[in-house]
Amino acid sequence: MTPELGWMAWTAILAGSLWIPYIVGINTAADGTLPDGADPFRRPQDPNLQRPWVARAFRAHLNLLEQFLPMLALVLIADAAGIKSPVTVWATGLFFGLRLIHAVGMITGTARMPLRPLVFTTGWLCIMAVGATIVTSV
């Protein structure tokens, strides 16, 4: 397995596990029902109405999925095309680290302005670096 695919495997494990804080938060809420008496298991409450850390956990999960899909697609394209370079290795490793920092920072509330947008934007630049490597190799 290439280093790029290894980093994507770690990112997939993170993405596949990031639902856990949100579900723990939903299921440990003080009140067991929604204001209208509905069962939260059947219809979960709006994440934005949850405790702040629960809402942030939900957003961290969605945000990771938004960036993971294009990065994974590009890494798979590069792998299928036999495109490997130090840029793709560093970009995928950095991407995983940034996504981990972003998730922890979001859930704990420590990733505030300007850190959170800088982490997100740097992750986007990692995606662009892999994409540019593919495009310039064709």
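One-based numbering along the chain as shown.
Positions of Cβ are set from backbone N, Cα and C atoms, glycine also.
Because TrEMBL annotations are produced automatically, they should be read as predictions rather than curated entries.
Copied over from TrEMBL:
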{"type": "TRANSMEM", "residues": "6-24", "note": "transmembrane segment"}
{"type": "TRANSMEM", "residues": "89-111", "note": "transmembrane segment"}
{"type": "TRANSMEM", "residues": "118-136", "note": "transmembrane segment"}
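Here the transmembrane segment (89-111) has long-range neighbours at 3-4, 7-8, 10-11, 14, 18, 21, 52-53, 56-57, 59-61, 63-64, 67-68, 71, 75, 119-120, 122-123, 126-127, 129-130, 133, meaning same-chain residues at least 6 beyond its ends whose C-beta is under 8 angstroms from one of its own. Within the same chain, residues 4, 63, 67, 70-71, 74-75, 77-78, 81, 83, 85, 87-88, 91-92, 94-95, 98-99, 101-102, 105, 111 sit at least 6 positions outside the transmembrane segment (118-136) and bring their C-beta atoms closer than 8 Å to a C-beta of that stretch.
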